[in-house]
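Chemist: Annotated active site, proton donor/acceptor per Swiss-Prot: Y135, in sequence order. Annotated active site, schiff-base intermediate with substrate per Swiss-Prot: K163, in sequence order, evidence recorded as sequence analysis. According to Swiss-Prot, the feature pyruvate binding site maps to T47, I205, an assignment based on sequence analysis. Swiss-Prot lists T46, Y109 with the feature site 'Part of a proton relay during catalysis', giving sequence analysis as the kind of evidence.
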Amino acid sequence: MHTFYGTGTALITPFKKDHSVDYDAFKNLIEFNISSGVDYIVVNGTTAESATTSKEEKAKLLEVALDVNNGRVPVMYGIGGNDTAEVIQRIGSADFKGVDALLSVCPYYNKPSQEGVFQHYKAIAEKCPVPVLAYNVPGRTGINISAKTSIRLSEVKNIFGIKEASGDLVQALEIIKNTPNEFLVISGDDLLAVPTISLGAVGAISVLSNTYPAKFSEMIKAAIQSRFQQATQILARFTEMNPLMYEEGNPVGVKSLLELMGICSSEVRLPLVKASGELIHKIEQAHVKITREYANH
């Protein structure tokens with residue numbers, strides 16, 4: 001199995017004005033990211049608007065990603081949900097040829113107990129043909145995968161790590177401290193990636209790296225190599241932009257920035273709506289500052 005160290009971009013799904021998938025823009029986005037030095041790509045994650053893409057679109061997006069990638073970097077594919085049997089069925093019907101790992105979000109809305117979360121992931125791992133990365137994002141799911149549960153998951157065959165986006169550095173440290181080295185903790189929060197790596201995490205799955213793949217990758221590499229002064233200097237450039245990515249929902253912000261950069265349109269599917277004029281203005285201002293700082297370093 002490929003080791004998922006460094007930066008993984010949680011790829012957006014570009015849409016045309018009619019809200020159909022813009023596969024050409026998707027190809028360009030992938031090439032932009034890989035050629036800029038990201039370590040792996042994530043297809044059909046939360047940032048990809050997976051809640052509002054069809055089964056056929058998901059399969060086509062994966063096919064396109066694998067074709068463009070052509071084996072250059074590892075590929076992670078997202079399949080998750082709050083119906084364990086249905087998630088297993090979707091895993092069984094998916095084509096994993098060329099896929100290196102599965103990213104699966106914690107069950108949301110029905111708020112299972114910690115034992116239920118554990119049994120959900122155990123059942124998925126037993127049926128999945130590739131290694132599984134659990135995903136803790138309580139801000140979206142309404143439930144936190146506790147450190148104790150993550151530690152239990154580290155003992156399950158075929159679960160190789162957790163994408164930790166609880167925002168709790170103490171929880172991340174507890175997981176890192178009490179799991180084997182081969183159980184990977186990956187930051188799911190762009191602004192907490194550097195401090196989480198300082199505790200022993202191995203990288204980040206990032207939203208911002210869609211737009212600044214070279215600089216974000218440089219930051220993560222510096223942190224992994226314990227060059228924290230350099231990593232923090234780069235991180236400081238993103239502190240104004242990052243909250244704007246979420247101000248009106250993800251990927252609304254990052255798609256607005258990608259449109260500003262000429263990479264794809266900012267179209268999203270309902271119930272998400274495009275960014276307000278006020279937010280677009282703030283994103284433009286923050287982008288000007290970042291590009292100016294790039295030019296000066």
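Glycine too: its Cβ is placed from the backbone N, Cα and C atoms.
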Chemist: Are there residues of the same chain, six or more positions away from T46 (site 'Part of a proton relay during catalysis'), whose CB falls under 8 angstroms from its CB, and which are they?
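Modeler: In sequence order, A10, G78, V105, V137, R140, N250 meet the Cβ cut-off.
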Chemist: Looking only at Y109, Y135, which of these recorded positions has the biggest number of Cβ atoms within 10 Å around its Cβ?
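Modeler: Per the Cβ count, the most surrounded site is Y135.
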Chemist: If you count CB neighbours within 10 Å, which one among the recorded positions T47, K163, I205 has the smallest count?
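Modeler: Output over recorded positions T47, K163, I205: least Cβ neighbours within 10 Å is T47.
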Chemist: Around the residue listed as 'active site, schiff-base intermediate with substrate', which of the listed recorded positions (T47, Y109, Y135, I205) come within 10 Å, judging by Cα atoms?
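Modeler: Correct set: Y135, I205.
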Chemist: Kindly assign the residue listed as 'active site, proton donor/acceptor' to one of the three DSSP-derived states: helix, strand or coil.
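Modeler: The residue listed as 'active site, proton donor/acceptor' sits in a strand per DSSP.
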Chemist: Out of T47, Y109, I205, the recorded positions in the record, which is closest to Y135 (active site, proton donor/acceptor) when you go by Cα distance?
Modeler: I205
Chemist: Using DSSP reduced to three states, classify I205 (pyruvate binding site) as helix, strand or coil.
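Modeler: In three-state terms, I205 (pyruvate binding site) counts as strand.
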Chemist: Looking only at DSSP and grouping its letters into three states, which state does T47 (pyruvate binding site) belong to?
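Modeler: Its secondary structure by DSSP: helix.
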Chemist: Could you tell me the C-alpha distance between T47 (pyruvate binding site) and Y109 (site 'Part of a proton relay during catalysis') in angstrom, no decimals?
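Modeler: The Cα atom of T47 (pyruvate binding site) is 18 Å away from the Cα atom of Y109 (site 'Part of a proton relay during catalysis').
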Chemist: Between Y109 (site 'Part of a proton relay during catalysis') and I205 (pyruvate binding site), what is the CA-CA distance rounded to a whole number of Å?
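Modeler: Answer for this pair: 23 Å between alpha carbons.
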